[in-house]
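The feature compositional bias 'Basic and acidic residues' is assigned by TrEMBL to 296-306. Among the features that TrEMBL reports, domain 'G-protein coupled receptors family 1 profile' is placed at 42-286. The annotation region 'Disordered' is assigned in TrEMBL to 295-319. Positions annotated as transmembrane segment by TrEMBL: 25-50, 62-88, 100-119, 140-163, 183-210, 231-250, 270-289.
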């Protein structure tokens with residue numbers, strides 16, 4: 001998720017070297033700190049999930065890892081280059097690095113939002129088709145396909161950019177030139193359409209959850225064994241992602257349609273930073289929203305919060 005979301009002349013419009021040196025340095029330092037935080041928190045999340053065989057065999061947990069992998073690439077590949085760009089005051093890494101940077105950014109943002117759609121669909125299947133979800137090999141085949149889909153769609157979006165985009169290195173700028181139609185299509189494919197499906201899926205799942213809640217109460221199902229915690233967490237993650245990335249994509253769409261006159265360049269720049277920040281917020285939502293016993297020792301907190309997410313096996317017979 002990143003400046004490559006700037007599939008729409010991002011670097012030219014939002015990353016031009018500022019006249020205010022202190023502002024550039026401040027934003028670069030913020031970018032470095034954010035990159036370190038993103039790598040740390042997403043890395044910790046991935047390690048904790050993969051360290052347990054039970055969690056590795058849980059489709060829901062693997063969807064979380066899929067999102068974390070995309071986020072961690074933002075911290076490793078996108079933000080450090082952004083910080084270098086701001087500190088140097090101009091692009092000094094060459095045309096190929098420029099193209100790689102923008103394309104990586106587009107890919108990570110696309111993968112993140114589609115992976116959120118997939119985890120939302122996973123919870124949808126979990127509620128409406130629990131017998132299928134509980135059937136071993138079918139569950140794993142479907143889970144594997146759903147994990148691969150975000151990367152396939154993301155690569156399908158960036159390959160035309162890699163092959164047809166004209167990379168321009170003008171001593172001070174990193175800019176990949178795209179035609180107007182591709183800009184508009186890429187905005188819809190990489191954000192608006194997946195965001196729409198994510199919102200619709202989560203709304204449907206929440207409605208079903210309300211209906212099933214009465215059934216669980218009638219059967220006296222313990223609250224600890226209900227999937228409400230996971231479903232509400234997925235809904236919150238989806239909502240936060242859409243809210244944090246929406247300003248950037250709206251501004252990008254206005255730019256693609258040539259109706260962005262009067263919009264300050266600083267606003268566009270701040271909107272992309274808000275999107276980057278999401279990569280550090282999402283893993284915390286997975287953890288904080290699923291905390292059950294905050295009184296545990298600090299060194300056990302992260303692992304216990306992950307374990308709280310992993311209650312699928314207990315729910316298979318409830319529905």
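A Cβ is built for glycine as well, from the same backbone N, Cα and C atoms used for every other residue.
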State the non-local partners of the transmembrane segment (183-210) in its own chain: residues 6+ outside its ends, Cβ under 8 Å from one of its Cβ atoms.
5, 7-9, 106, 109-110, 113-114, 116-117, 120-121, 123-124, 127-128, 153-154, 157, 161, 227-228, 231-232, 234-235, 238-239, 241-242, 245-246, 249, 252-253, 255-257
Could you tell me what the rest of the chain brings near the transmembrane segment (100-119), counting residues at least six beyond its ends with Cβ under 8 Å?
1-7, 10-11, 60, 63-64, 66-67, 70-71, 73-74, 77-78, 81, 93, 146-147, 149-151, 153-155, 157-158, 161-162, 165, 174, 176, 186, 189-191, 194-195, 197-198, 201, 234, 237-238, 241, 245, 275, 278-279, 282
Average model confidence [pLDDT] within the domain 'G-protein coupled receptors family 1 profile' (42-286):
83
